[in-house]
Structure formats: C-alpha cells, structure tokens
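These notes are about the structure you will find just below.
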C-alpha cells in the first residue's frame, strides 16, 4: 500500500505539474501587454567615479544590448519620502473628516487636543490645525523629494531596464551580463503592483547577512515559541493572576470567573499568539530583502508550513513543547528518531480526526462566513472610520493570503499521506475537508477576494516541493513504525521509496520548473511578432517610461512629477562614457554635450556595404 500510494501521488503530481506549466505558458502567451514583460531589474551596478548610476546603466545596455535596449529608471531610496507622504494622507483624511463635520453643523467649529490620541494637550481649532500641518508636510515633502532626486547617495545601484521586445528582455533576464558574476545581476522585474518598494533601498551586499540572521532567528522562533506562550499562560492561571494583581482575588474566586479563567483563558492566549505568528513571519521575510509581495508571501508560506510541521504535527505526536522535542531528539541517535515518531503516530489518529473536524471543517465554515473580516470591519467602523474613504478601506476584503491559507491546507496533505497506510480511517475526514475547501475557496477567489498581484502560478513549485517533502516524511515514519513490529524484515523493501520519490522530484524539477523560472525565447518571439503585426505604430517607450516610478513620485503635484519624469526621459541616443580609458559608444547624449571621438569611425563602418 505504501508503494501504491507513492506511485499514485507521484503520477497525479506529474500530471498536475504538466497541466499547470502548460496553463502558465498559455496564460503568458494570451495575456495583455504588461510592463514586466519588457522589463528587467538590474542590481549590484558597480560604482564608477566618472559616471552616475543612470549614465552607467544606459551606457552598459547601449553597448551590450544595443538592438533591444529602450529606456531605464533608476531606483531611489525614497523610504523617508514615503513616510512623509503617508503621514500627509493621514492628516488629509482627518481634515476631510472635520470639514464634513463642520459642514453639517456650521454653528460650531470642531476642536481637538494636540496631545497623544487627542486625550490631552492644547485645545485648538481642528480644521486650522490640520490645514497648517498639511502645509508643513507639503513643504517637507517638496524638500525631501528634491533631495532624493538630486542627491547621488539616494540613488541605489539598481535600475529597472526596459527593452523594445519581450525577446530582448528575456535574453537579458536569463543570461550573465558580466565576467564578474556578482555584478550587473539581472532578474525579471515584478509587475508594478507586485513591487515591494521599501526593500529596493536595501544594499544588495547585505542580503546574504540578513538571510543568515533570519535563518537563525527562525530556528529559535520555531523551537522556543512555546516559552513566551507558557509564560503568559502561567500568568493566565488563577494563581498567576492572584500573584500579579492580588486585589482582584475576591472577584477571581467567584465560581463563574474561576471556571472561565481555567477553561478559556489559556486557549485564548495560545490562539492570540498563533494569530500573531503570520505577521512575525512576514516581518522576517521583509527583513530578508525580497523585492516583491509575491516572493514575500512565498517565503512566509514556507516558514509557516515548517513551523506547523514542528509545533502542530510533531508537537501533537510527541507531547511537550518543541524545545522538549529537540532535547529528546538530541539525546537519540539519528536512526532512532523515525522510530520514536513512527510508534506514536497510530496512537494520535483519534486526536488528528478531532483536529481535522475542529480546525479544518470549522475553519472552512469560518472562511465562508468571513467572521474575522466582519468583526474587524465593525471595530474599524466604530473606532477608525471618519470618511467614506475610510469606510471603503475598512470594507476591503483584501487578498486571499497565500502565506497563511496555503500552508494550513498543506498540513492536511501531510496528515493524509502519513495516515493513508497506517490508519486509513482518517482519510474520509481529509477528503471531506478538501471537498469543502475546493468549493469554498473557489467561490471566495472568484467573488470575494481582490487580486493583489499576478504571478502566473509562481507558487506551484513550492507547493509541489512541500507535497514531496510530506511524502518522504510519511515514508520515513512508516519505516520507523514497521521496524518496531514483527514486519521488521520487510522494512528494507521500503528504503527504495524515498530514493524513488527524490528522483521523481528532480525529474519534475528539471522537466517543468524552468517554465516557472525562465521565459522561452520562442514564446517571446511569437508574442512580439503578433504584437508588431497588430499594432505597428505602438509607442512602447511612452507605455514603459513611467511604469516603474516609485509611487511617492506619482503625487498630485503635476509640475514636480513632470520635472522628475524629465530627468528619466531619453531620446534613444547612444551615450558616450566620460572615461577616456574605454572605447566610447557611437553617438552623443544629452548627458554629455561632446560627441564621441569614435563617431567618425562608426559612421564609416555603417557606410560600408
């Protein structure tokens, strides 16, 4: 049965991978024109004493991609400016609220206190106060915007480079640009709404250190997460509360309050900590420096799944916290770990049946009822909503949240694969869960949630990898279980299963994963040819010129925006380098008034048949 389940799972995974890879290519071939199809993100641009980053990027791509380069937009460290713009929007929202309030009752001007949360401080006219604050912020924003656009230190060694064709962008994104593999690093640019602008200001050289720090932090978070929970739960006990606040003892000793504290408070504390966990994991991913929302969610989903595996799956099988599990495993030889867990698995089947019904089935019911967003909406509506804009934002259901929903679903895949051979009675409960989940999430995706970005099924390789990991875990645990039974002599026949599964994974990785990482040049050429035939006079440069401008530069001040855009506009002319030690590019540029010394040579070469 272990072989039967393994081969059946691998067969379905192979078919699904093939189907999704084909659908992805069909989607990319049929979708409308998007800026990210023509754009590449270039990072780790080497410093140059003679040229600015913008000049250096333009010169490099005009020399090395002369037939396809179109334009570029350098990356600015505009995080401080973004904070000021966000603060201004908040102030403007309060001003709108007080103006609406005043328009409804013009007999009295609205007042507010200038202290914390308006609870204390000087009492001032609210409309005048927010008007003056907005004027101050406008001046600060103008000064900061000028500093960002003119200060070379605010320009990061990175740029969004756009090409005339998808084929040219694909060649650039999927090839090494320099003899030094650590410089001029290129990757496909995320679509504009998928860009996480804050992380573009992180120096590329610090990313490796950041990821090492987060890897260590995640290890301690996973294995020591129960320590703060246990501490807070100890305070949530009757003795702990009486110790901290002894004057509440008469109230706590009442029968109803006592039973409430003993029955519900510890569980509520645990649930609150688990609710906070996805936000912690997302902050960790942001610290690592990923530059797109989709990549942030993929990394958070991987960590959330690993956390659930250690603290929910292993934590339920081996009683005790993850720290106690780690201590148990460290005192055993590695070949004893599968046996220890395998023996405990059948005994925990009834617990996981209850878990599937309580967390799985009830979770799907809560998803269709949308209780959490409903409660949050009413809280926001009561405390935060001041204007119609606030109300619209409070009613926004948001996106589906792949970083939390998908790992939870995959935990049930793990349970199904582990118990398929050991305790098959658990499988009907898993099947009911997936049937309900399919219907509910299909409805939610189509009719409820907003699409935050389009990654064209980029999540699937991670999903496939986690199912393969669950399959290998189930095989190793079955090996450990059988080694303790009378069937110990048959365990060598199971050793081939993990090897075959890993081989299958590498087969799928080599056969299908390139479709999720690279864009076939054949597909790019076909799409370019069709577009040229349908729209021969398309102004692609005008379409791409402002696609990757930082959102803070797309303000209401048209004059300032035009001035900023003017700094990024180019006439498509080749740019001569200011260094005399290198061969210059052929034609003059607006960045340098002088013509290139090599211009006559190039003209003579072009004049030859």
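A Cβ is built for glycine as well, from the same backbone N, Cα and C atoms used for every other residue.
TrEMBL lists transmembrane segment for one of the ranges 352-371, 372-391, 512-531, 532-551, namely 352-371. Annotated range for transmembrane segment in TrEMBL, selecting from 463-483, 568-588, 589-609: 463-483. Residues 2-3, 6, 10, 13-14, 464-465, 468, 471-472, 475-476, 478-479, 482-483 of the same chain lie 6+ residues outside the transmembrane segment (490-507) yet bring a C-beta within less than 8 angstroms of a C-beta in it.
On the 0 to 100 pLDDT scale, the domain 'CSC1/OSCA1-like 7TM region' (210-482) averages 80 in the predicted structure.
Remote same-chain partners of the transmembrane segment (352-371), defined as residues 6 or more beyond its termini with a Cβ less than 8 Å from a stretch Cβ, comprise 316, 397, 408, 412, 415, 419, 425-426, 429-430, 432-433, 436-437, 440-441, 443-444, 448. Counting only same-chain residues 6+ beyond the ends of the transmembrane segment (463-483), those with a CB under 8 A from a CB of the stretch are 2, 6, 9-10, 13, 16-17, 302, 305, 309, 337-343, 345-346, 406-407, 410, 413-414, 417-418, 420-422, 490-491, 494-495, 497-498, 501-502, 504-505, 508.
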